[in-house]
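Listed features, source Swiss-Prot:
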- ASP487: active site, proton acceptor (ACT_SITE)
- ILE374, GLY375, GLU376, GLY377, SER378, THR379, GLY380, THR381, VAL382, LYS397: ATP binding site (BINDING)
- 91-129: compositional bias 'Low complexity' (COMPBIAS)
- 138-159: compositional bias 'Low complexity' (COMPBIAS)
- 227-241: compositional bias 'Low complexity' (COMPBIAS)
- 274-295: compositional bias 'Low complexity' (COMPBIAS)
- 296-308: compositional bias 'Basic residues' (COMPBIAS)
- 309-331: compositional bias 'Low complexity' (COMPBIAS)
- 11-24: domain 'CRIB' (DOMAIN)
- 368-619: domain 'Protein kinase' (DOMAIN)
- THR525: phosphothreonine (MOD_RES)
- 25-367: region 'Linker' (REGION)
- 79-195: region 'Disordered' (REGION)
- 222-345: region 'Disordered' (REGION)
Amino acid sequence: MFSKKKKKPLISMPSNFEHRVHTGFDKRENKYVGLPLQWASIVGNNQILKSSNRPLPLVDPSEITPTEILDLKTIVRPHHNNNKADTTSLNSSSTMMMGSMAPMNPMAPGAHPMMSHGPGMMMPPETGGIVLPKTSHVARSNSLRSSSPPRVRRVANVPPSVPEEEGPPAAGTPGVGGASSGGFKPPGAHPSLLYNSQHAHANGATGPLAVRTDQTNLQQYRSNLAPPSGGSMPQQQQTSPVGSVASGTRSNHSHTNNGNSGGSYPPMYPTSHQQQQQQQQQAKQGGDQNQNPLHPHAHPHPHHHQHLAKSASRASSSSGGASSAAQQASGASGGAAGQPKQDQRLTHEQFRAALQMVVSAGDPRENLDHFNKIGEGSTGTVCIATDKSTGRQVAVKKMDLRKQQRRELLFNEVVIMRDYHHPNIVETYSSFLVNDELWVVMEYLEGGALTDIVTHSRMDEEQIATVCKQCLKALAYLHSQGVIHRDIKSDSILLAADGRVKLSDFGFCAQVSQELPKRKSLVGTPYWMSPEVISRLPYGPEVDIWSLGIMVIEMVDGEPPFFNEPPLQAMRRIRDMQPPNLKNAHKVSPRLQSFLDRMLVRDPAQRATAAELLAHPFLRQAGPPSLLVPLMRNARHHP
């Protein structure tokens, strides 16, 4: 009748805790002090972010898109399980959930957008609200950066890049949520990003209890990927896709969880100890998986130098190899998180060696002079210079390897624009490593970004059609090669002096193929994101079409829909509401409205492709590029 009161479990204090970095805020100067070098250009002190009134792209580094559909096996354990068995099963599960940044074919590298910690992921539509991790700022140069919530109207704090997770083989499979990237998560943890304070963690046991808890959570979360009809995905043989871990440090912000239901767990970052274990596992596994992806049970190879050199040599011959080298360099750096400083320096040299295999040899300063800085972003600076041999002006993008949140994304800057040539894509001439900086030499487009035009001018339909036609030609080419841009907006469209339109900023692009037909990362700039990206549903090249439709609204109304609202609220509206309408709908022709309606379709399967849109009657109004020259002149006269 009277049961004995159970004794409360004893919970120890964190062990081996180290307070390595302390960051404060100077109220007098209104800036952060004591920021780590990685964050110095991201939070608080970035003059570019202060002066810019444009929203910033984001990538959410909490998830990675696995390359194959894998169901977690049901594991039945007796109470006397030993640590070894549990640890083995956990490693297997962690391996299954790791994502691949490398493309599945040699056409081009998959761009894996994880650059920083930022505002965040969305909860699946069934669970109610969108939950953003820490606010993220990404400059126009395609880098995610995090900072405080938006204070300026046009500065968007957007969710960080969500590592890619696996998409169902069928395009219509409405899987929601993402697989864990291998990190330990306590009960209730969710891979989505949140405003989340980093908690101290015990140096921790990997015994049966910890493993069983994590395994159970993985199984519970994996169940969210099943179609809503209740049918389970067919079981497939377990494989181990190549993984890459987000190495960027995440900023510490407290958060409030709102509206989690339906079995979804509130997102949570792995603790520092969890990250170290996760990174060490992936660093060990990454080498053999890159070499032999068809044999998932290959044993990890201890010699990272040899694997790095091999993968780097492959990188010089194909873009897929470049991404592979980037992964291994990233994995090595992740594994060195808890190691001495000497190992960290070695990791930097490994990454630099891998990048050196992709870029051109030599020093560009021997052929370039008269450097003049014209811009700065969160990933680096942009200068114009003169080529001594030809006398032409070129643009030089300089990116410091040590200041990148996701330095493997630098491979996209080199490989994508190098391997894909099209009249409407910015031409890259060469790339170099100068000390610890990556220099990308590309054509200089005097006309600037389309943003200057849509902000200061009003475009007529003939000019809008001219821009759209050239953009669609570039997108049709990229999509035919399996490349998704994922950050289409006016900031990514550059104009030459004669009015030619060119697509730029490929730092967030991704590769799809028959083996990996869909992506699920939360990547892009909030106001231009498609509903399926925000909802974390599998998506393909059709997301670029939605973003282009939003850019058309930009050209008509001067800004994208919901631009006066915070990014989180705008994303929620895009996810839950009908496609946005033009403010000045009464001023546009039925042809333009029909053209827009073909792009802003909530169902990706019903959305027009780039090739289909090129045949739309509205584009018959397109004229020569010279139609845009007066708009560029008008934009130059505005500050």
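In case you wondered, yes, glycine gets a Cβ from its N, Cα and C as well.
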THR525 (phosphothreonine) and VAL382 (ATP binding site), distance between Cα atoms, whole Å: 21
Recorded positions clustered about ASP487 (active site, proton acceptor) [Cα within 10 Å; pool: ILE374, GLU376, GLY380, THR525]: THR525
DSSP-assigned states of the domain 'CRIB' (11-24) in counts, ordered helix, strand, coil: 0 helix, 1 strand, 13 coil
Candidate with sparsest Cβ neighbourhood (10 Å radius) among ILE374, VAL382, the listed binding-site residues: ILE374
GLU376 (ATP binding site) and THR525 (phosphothreonine), distance between Cα atoms, whole Å: 19
Sparsest-packed of the listed recorded positions (GLU376, ASP487) - C-beta count within 10 angstroms: GLU376
Secondary-structure category, per DSSP, in which VAL382 (ATP binding site) falls: strand
Mean predicted confidence [pLDDT] for the domain 'CRIB' (11-24): 83
For GLY380 (ATP binding site), the number of other Cβ atoms found within 10 Å of its own Cβ: 26
